[in-house]
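As given in TrEMBL:
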- 30-276: domain 'G-protein coupled receptors family 1 profile' (DOMAIN)
- 13-38: transmembrane segment (TRANSMEM)
- 50-71: transmembrane segment (TRANSMEM)
- 77-93: transmembrane segment (TRANSMEM)
- 130-151: transmembrane segment (TRANSMEM)
- 181-201: transmembrane segment (TRANSMEM)
- 222-241: transmembrane segment (TRANSMEM)
- 261-283: transmembrane segment (TRANSMEM)
Amino acid sequence: MNSTEYPVTEEEIAYTAILGTIVYIGGFIGNFLSLTIFVREDIRHVSTGLLFLFLTISNSFQLLTLTIEFIDVAYNIRLFACVVIRCRILYWFQNIFRALSSYTACTISCDRMFRALYPIRAKQVCTCRVAWRIVCIYYFVFACSLTFYLLPFMQENSDGICITSSDPTYDKFLSVIWPPIRTVVVCVLPVSIMISTNIFLWRRVRESRRRTSPLSSHTDRMLIFITISNVLAFIITQIPFHVYATIVRYKQSIEHMRTPMLLWSSLYFGIGFYIYSLTSPYFRSKFLLSLRHCFQRQNSNRIHQQIQQYTISQRNQSKK
């Protein structure tokens, strides 16, 4: 399930190692920097900002599971010797957070559209409490519906490769029936909703730009730009992966593409910060403001420590 016998050259291994290092380390750094923005009180008190915070957390967990699988697939390095963890729990969590990220991104687009369409009702509907409930419902539904990954039919062969051939029915479901279902549910449906809502949202914003206050315009523009950029990144990175996962069963000649496709799909779960920074000047200003506050806090703490040390030294001299 997570390996192939396609021979690779030393150059391919080197390129894969370099790309993997850039994608995963850069992704974790980007997600951490995104968290420094979305945890700000002025951002997360809006339902859209809170949903972006949830999306960043979900992407981070998904990136972690993909990193473990990448090391396993590309280099046959088993970070977990236990088959239950490596072949069942890992794939269970991976599919949970993949679906959670998809529908959280979809909810962000719907949230922005509802705010633009019903600005008065949005004050009661688009709240942080509702955002919490929706994300919790998503997680509960996906965690329960994907429990078939935890069934004992997922085993490993003598080479340590996860396989499902021990049960023909389970193997057919997981390799033939489930991939197209997952493509529709986790990719096609969310993408369709995100595209339609963002087209409507962009038109709505252009029509109402003159009627918004400058402060509201800046905040809304930032959230709209990063929402649209998030949708584009999702489409570019996730559709090829899901298409590959659907047809690889019928075209064995492309089985060796699993590692590159895994890397390509991983981009979405760590590229958010860089996309947001490029598309939204207001997001960049918020990030720079967070850095400034961090340095000011460190400087104030240092000055406070120096004052305390100076006070203690003066007291000691006065006692002498």
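Cβ atoms here come from the backbone N, Cα and C positions, even for glycine.
Automatic, uncurated: that is what TrEMBL annotation is.
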Same-chain residues at least 6 beyond the ends of the transmembrane segment (222-241) whose Cβ lies under 8 Å from its Cβ atoms: 46, 48-49, 52, 55, 102, 105, 108-109, 112, 187, 190-191, 194-195, 198, 201-202, 205, 261-262, 264-265, 267-268, 271-272, 275-276, 278-280, 282-283, 286
Stretch of maximal Cβ-Cβ contact with the transmembrane segment (130-151) [cut-off: under 8 Å; candidates 13-38, 50-71, 77-93, 181-201, 261-283]: 77-93
Residues of the parent chain within Cβ reach of the transmembrane segment (77-93), under 8 Å, 6 or more residues beyond its termini: 1, 61, 65, 68-69, 71, 146-147, 149-151, 154-156, 160, 162
Folded-back contacts onto the transmembrane segment (261-283), same chain, C-beta under 8 angstroms, at least six residues removed: 16, 19-20, 23-24, 26-28, 30-31, 33-34, 37, 55-56, 59-60, 62-63, 66-67, 69-70, 73, 101, 218-219, 221-222, 225-226, 228-230, 233-234, 237-238, 240-241, 244-245
Other parts of the chain folded back onto the transmembrane segment (13-38), taken as Cβ under 8 Å at six or more residues beyond its ends: 44, 49-50, 52-53, 56-57, 59-60, 63, 66-67, 70, 74-75, 259-260, 263, 266-267, 269-274, 276, 283, 286-287, 290
PLDDT averaged over the residues of the domain 'G-protein coupled receptors family 1 profile' (30-276): 87
